[in-house]
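Feature annotations, reproduced from Swiss-Prot:
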type	residues	note
BINDING	GLN39, LEU40, ARG41, GLU42, LYS43, ASN71, SER110, LYS139	4-amino-2-methyl-5-(diphosphooxymethyl)pyrimidine binding site
BINDING	ASP72, ASP91	Mg(2+) binding site
Amino acid sequence: MKNKIDYSIYLVTDRDLMSTNTLEEAVEKSILGGATLIQLREKECSSHDFYETALKIKKITQKYNIPLIINDRVDIALAVDADGIHIGQSDLPATVVRNIIGEDKILGVSAGNLDEALKAQKDRADYIGVGAMYSTGTKKDATSTTMSELKEITQKVSMPVVVIGGINKERIKDFKEINIDGLAIVSAIIAQKDIEKATRELKEEFYKIK
């Protein structure tokens, strides 16, 4: 399964921004609109609530055969048997996480520059999330990555590259000359009134540059 992952439209959840009553509803609407990968990101809730939420979201992702990635929490990812885990530079080292989760699970690593990207590849990551490409309200402490840095990363790593940070419909064309594999999106999907329509439009714009 790992080699056939479609990274095109990668929803990263944020319950503080969601336009729906429940996270499950937001996730399902995004999948119906064409989301190809879901990352469950829960920074504020207890471990118990994160676990319960992950089980609910997994039911939806399984229904549509969409991979579920857990942000940061290796224990939650293993507890619910998620498809993978995404870690940042301040989380557990990627080599340690790979040894814990094994080779069959997806391992994603955030990378803000070429050195971090090359290290993630050496540490056996399956993909990297590069950014923040633009300033973003969801991660106020994120340092930005330039287009030239992104281009160099895509030329020097041999794994899928997903961009993140302030991505919206209007900005997708900025990546036309760069060989990226997907868009990791938060507010441009989950905060929209019509999540399904917003996701569909993002996917249409992404395919225009592929």
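Along the chain as shown, residues are numbered 1 onward.
Cβ atoms are placed via backbone N, Cα and C, with glycine included.
Since this is a predicted model, take the numbers as computed values, not measurements.
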All chains considered, the count of other Cβ atoms within 10 Å of the Cβ of ASN71 (4-amino-2-methyl-5-(diphosphooxymethyl)pyrimidine binding site) is 21
Determine, from DSSP, whether ASP91 (Mg(2+) binding site) sits in helix, strand or coil. coil
To the nearest whole angstrom, state the Cα distance for the pair ASN71 (4-amino-2-methyl-5-(diphosphooxymethyl)pyrimidine binding site) and ASP91 (Mg(2+) binding site). 10
Among the binding-site residues listed here (GLU42, ASP72, ASP91), identify the one with the smallest other-Cβ count within 10 Å. ASP91
Among all protein chains shown, how many Cβ atoms are found within 10 Å of the Cβ of GLN39 (4-amino-2-methyl-5-(diphosphooxymethyl)pyrimidine binding site), not counting that one? 25
